[in-house]
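The block underneath contains the structure these notes are about, expressed in structure tokens.
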């Protein structure tokens, strides 16, 4: 199997280095990752500027672009051979619930799905400085082995969150749904050395929907959460209501 690996923390991040090392023992891998941290880039593509790609060594590239740029370039002509699937990560921190809307890690996996490949986004869910990357990398290998035995459909995206624990403390796997958070904390207002006002995006909101069955709950209890996600954002259950509502619009 041939795997494309990307991330949003940058090509030198510990997570992607460990992921490539572990997956490289069981598959052929190519790493194409941003040259710097692009956390929170979501699905953004670079459209107004050229994108420079710098080979570092065979099958390893740093890209002056977003995580989505990396996967898009790789799968639309930069690589001579098409990979079989995409792995994105290992992210330094969780991508639980609403986090997936902003995550460059998840976006890289989504771009793989857009371009016809099954994809896995994997994150190490702990503090702002997680340490057990080898645990998450071993989880990735386990998932790849299962995929090889029982392949995923091409439209599959798995969002995987691994507790920041030693391998022998992981309780197993749970298939989960996305939970959600409360509204984000207020923006942080400060002043620069010249007295000008500057702003920082505040912390994410606390857990709201985080009960049994959610990704939050699984990780909190020591399980690896595996959430199938999709790119169709249509709220199908609301279509009839909107049709009826539109009947009241005068033309």
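Positions of Cβ are set from backbone N, Cα and C atoms, glycine also.
Going by what Swiss-Prot states, the divalent metal cation site holds 8, 9, 39, and the candidate of 91, 95 recorded there is 91. The candidate set comprises the binding-site residues 39, 91. Of these, 91 has the most other Cβ atoms within 10 Å. Neighbour counts were taken at the CB atom with a 10 A radius for the binding-site residues 8, 9; the maximum falls on 8.
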